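Per TrEMBL, the features are as follows:
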{"type": "BINDING", "residues": "N110, K111, C112, D113, G160, P161, S162, G163, V164, G165, K166, S167, S168", "note": "GTP binding site"}
{"type": "BINDING", "residues": "C241, C246, H248, C254", "note": "Zn(2+) binding site"}
{"type": "DOMAIN", "residues": "61-217", "note": "domain 'CP-type G'"}
{"type": "DOMAIN", "residues": "70-215", "note": "domain 'EngC GTPase'"}
{"type": "DOMAIN", "residues": "153-285", "note": "domain 'Guanylate kinase-like'"}
Amino acid sequence: MTTGRVIKNYNGYYYVDIGAGQLVECRRRGKVKAKILVGDELEITELGGGKGVVEKQLPRRNSLRRPAVANIDQMFVIMAAQSPDPNQFLVDKLLMTCEYGGVHPKLCFNKCDLDRETAEAYKAFYETCGYDVYLVSAVTGEGLDAIKALLPHKMTVFAGPSGVGKSSLLSQILGRDLSVGSVSEKIKRGRHTTRHSEIMQLEGDTYVIDTPGFSSLEFEHLDKGEVFALFPDMTPYGGHCRFSSCLHLSEPDCPVKDAVAEGKIQKERYETYCKIVNSILERNR
Ligand SMILES: Nc1nc2c(ncn2[C@@H]2O[C@H](COP(=O)(O)OP(=O)(O)OP(=O)(O)O)[C@@H](O)[C@H]2O)c(=O)[nH]1
Ligand SMILES: [Zn+2]
């Protein structure tokens with residue numbers, strides 16, 4: 001039995017990287033029912049000639065729904081310092097989306113050449129919330145080496161809203177042009193936002209996944225009690241409330257609210273939390 005990692009999933013075939021640059025094209029056995037994602041670790045039987053069959057999907061460390069990827073080693077949520085202007089609620093929701101999938105992401109602000117002050121303010125804010133924040137510019141090249149240094153031997157996902165300069169950034173970081181066709185081709189197609197997530201093998205076990213148009217999870221399907229766990233900067237203060245079912249909204253004797261009052265939890269983060277929980281309560285009313 002051989003184990004490896006799915007790096008592509010195409011037409012019912014799974015392309016499994018079994019190390020040392022070998023890729024095995026696998027079909028699944030009927031008994032393997034689980035949905036197999038890019039990034040999944042599998043047990044396979046090699047049949048020779050670069051072919052094989054999937055015997056078993058191994059337990060996942062984490063997974064995201066969109067992009068549909070599993071076992072992510074690290075993830076960058078890319079925003080722009082300007083155009084499109086960042087907003088904290090959106091950043092919070094994107095971070096929550098990752099946390100929901102079991103991934104603690106890093107934040108990266110591109111286009112720092114356009115508005116350093118805003119980028120610095122976001123960096124200071126999210127660092128106090130326990131997120132690593134990188135300031136970069138695809139135009140001046142600032143900050144790119146720090147990101148490059150984090151990539152070797154990992155599977156890294158880059159995701160961000162449309163227009164933040166993700167393609168420009170990745171082209172610079174990876175040293176290849178990722179844009180889909182030429183400018184004229186883009187014009188012909190009108191828009192180029194229909195790209196699929198793409199996994200790129202830089203070398204050996206270094207992979208990068210570029211995800212177009214990352215949008216936040218719809219929180220409608222979350223239970224009100226599930227939201228708190230998506231704020232790693234708040235969770236240390238949970239678990240000691242008077243009521244075990246405390247939602248940390250208006251209940252008495254709530255150390256979470258105390259921590260907000262004492263400035264140990266950022267007020268704006270707590271406001272995002274309340275907004276999401278209240279929208280869930282509203283829905284269930
Ligand atoms: N000033 C400045 N402009 C940038 C930077 N990076 C990208 N841009 C510009 O921002 C625009 C969007 O860049 P893209 O790389 O296409 O953005 P994207 O996030 O990949 O967009 P989608 O393909 O829609 O997901 C382009 O006009 C880029 O030239 C930067 O660091 N500084
Ligand atoms: Zn509480």
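Glycine residues also receive a Cβ, built from the backbone N, Cα and C atoms like all the rest.
Unlike curated records, TrEMBL annotations are generated automatically.
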Annotated binding-site residues S162, K166, C246, H248, C254, filtered by Cβ under 6 Å to ligand 2: C246, H248, C254
Cα-to-Cα gap, C246 (Zn(2+) binding site) vs S162 (GTP binding site), nearest whole Å: 37
Helix, strand and coil counts within the domain 'EngC GTPase' (70-215) (DSSP): 47 helix, 33 strand, 66 coil
Neighbourhood of ligand 1 - binding-site residues from N110, K166, C246 with Cβ under 6 Å: N110, K166
Candidate nearest H248 (Zn(2+) binding site) in space, where candidates are the binding-site residues N110, C112, G160, V164, K166 and distance is Cα-Cα: G160
Sorted by sequence, non-C241, C246, H248, C254 residues with Cβ within 8 Å of centre, Zn(2+): G238, R242, F243, L247, L249, E251, D253, P255, V256, K257
